[in-house]
């Protein structure tokens with residue numbers, strides 16, 4: 001009479017378990033409609049101040065969450081059974097092979113390694129699926145209402161960056177691939193001043209914290225500091241604009257030309273000479289920012305270095321090297337001598353200049369693709385965005401792991417954080433702009449443009465977005 005081997009018996013038992021398990025799943029699905037109908041009848045019989053339609057939507061949402069966790073639980077059970085089957089099979093093979101305890105030990109090590117791999121796969125699958133469920137639930141907890149307030153028409157090419165002055169008069173600044181930077185009246189949308197001193201694309205613009213000076217970075221391998229004087233026009237009465245929900249169904253078409261209202265870019269005064277020109281980079285200067293106090297500036301370049309300059313003397317103070325690939329962005333802390341640089345090498349670095357004698361640097365590897373930007377908040381947080389479709393919020397006091405992770409469906413461009421509202425604005429490659437709070441809860445989705453959105457800026461409860 002033939003004797004069944006241990007591996008064959010374990011395989012047959014696993015098949016029987018899966019068969020009985022699939023029967024239980026079918027029984028569960030067959031009674032799902034009955035359970036949903038019973039829950040709806042219970043809802044109608046309960047007293048609640050919520051509308052029935054809203055309660056029904058909540059019921060559907062929690063039902064979806066329950067089904068997702070049920071699927072994860074089933075997958076968990078299956079993986080554990082496969083692990084047990086693998087352990088049984090390896091143990092049985094170890095008993096039939098000659099070689100004594102040494103061979104058994106080697107096989108046990110192999111089994112332990114395979115079990116560890118399956119366990120890691122189980123943890124990764126469970127964590128990713130659970131994060132999707134939580135993100136979907138968070139997305140429906142809060143909705144904001146947005147409306148188009150003003151359009152700023154005048155540039156002849158894509159706009160890479162924008163900024164708002166920190167002092168009076170409050171104006172909006174834009175940096176464009178048309179080799180110019182423009183200053184705008186936020187209320188009227190009129191161009192107040194145009195800077196045309198660069199010989200290449202203007203990639204970023206930042207304003208001095210206390211004086212009427214602007215800092216621009218360019219593809220001509222330089223950064224310019226230039227002074228401006230503007231007079232704000234008298235605001236005109238604005239017609240009442242009905243509030244529009246922030247849904248994907250709404251699409252505002254872009255305007256390539258001015259509307260012919262007589263306030264085109266030709267009437268905008270221009271500046272052609274910089275007060276200070278910062279040179280020393282060997283590649284495109286992609287970003288620049290003022291350090292706290294405004295006496296020094298930092299620039300980031302495609303030559304893989306960030307440079308620290310003295311504004312008064314234009315001299316290079318420090319060259320910050322260490323990134324393995326081109327830099328994509330730099331940002332300074334609003335109240336401390338801290339700088340964060342982002343790079344295509346999937347990292348961002350925190351440079352500490354608070355102690356004049358020690359310049360420390362910390363490297364953070366929290367992303368799997370290009371880090372497009374990393375910015376400070378007013379508090380002790382850093383927010384980083386990446387082409388890996390994630391945005392992460394970090395605590396400066398403990399940056400070993402992020403305190404919040406936002407997963408999106410598209411690469412994230414230059415992000416912006418509201419100073420007063422603590423709102424994160426995320427411009428995406430898929431032409432959408434989403435708003436989140438610092439804990440990762442989605443607040444709104446702005447009506448999308450017909451073109452890729454490269455940058456945003458949040459100021460006084462307004463979101464300024466510019467497409468390419």
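Note that Cβ sites are derived from N, Cα and C of the backbone, with glycine treated the same way.
What TrEMBL says about this protein:
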| type | residues | note |
| --- | --- | --- |
| COMPBIAS | 1-13 | compositional bias 'Polar residues' |
| REGION | 1-44 | region 'Disordered' |
| COMPBIAS | 22-31 | compositional bias 'Polar residues' |
| COMPBIAS | 32-44 | compositional bias 'Basic and acidic residues' |
| REPEAT | 152-194 | repeat 'WD' |
| REPEAT | 195-226 | repeat 'WD' |
| REGION | 240-268 | region 'Disordered' |
| COMPBIAS | 246-264 | compositional bias 'Acidic residues' |
| REPEAT | 278-319 | repeat 'WD' |
| REPEAT | 320-361 | repeat 'WD' |
| REPEAT | 364-404 | repeat 'WD' |
Residue counts (helix, strand, coil, in that order) that DSSP gives for the repeat 'WD' (320-361): 0 helix, 26 strand, 16 coil
Helix-strand-coil residue split for the repeat 'WD' (152-194), DSSP-based: 0 helix, 21 strand, 22 coil
Taken over the repeat 'WD' (364-404), the model's mean pLDDT: 92
